[in-house]
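Reviewing the structure listed below.
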Amino acid sequence: MKRTYQPSKIRRARKHGFRNRMSTKNGRRVLAARRRKGRKVLAA
């Protein structure tokens, strides 16, 4: 059986990357929350 997680750097960046987060209001909210929490990594 094929596993469900088949890693792809491009897919990861497009779905969860910084530019994708910045492109929507809710995405920016996610980044703001992660900054507030003090996350070292903000986006994939």
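Glycine is treated like the rest: Cβ placed from N, Cα and C.
The compositional bias 'Basic residues' annotation in Swiss-Prot covers 1-19 (among others). Counting residues of the compositional bias 'Basic residues' (1-19) by DSSP class, helix then strand then coil, yields 10 helix, 0 strand, 9 coil.
The region 'Disordered' feature in Swiss-Prot is assigned to 1-44.
Per Swiss-Prot, the feature compositional bias 'Basic residues' maps to 26-44 (among others). Nonlocal intrachain contacts for the compositional bias 'Basic residues' (26-44), taken as residues 6+ away from its ends with a CB within less than 8 angstroms of a stretch CB, comprise 12-13, 15-18, 20.
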Tally the residues of the compositional bias 'Basic residues' (26-44) by DSSP class, grouping H, G and I as helix, E and B as strand, and everything else as coil.
12 helix, 0 strand, 7 coil
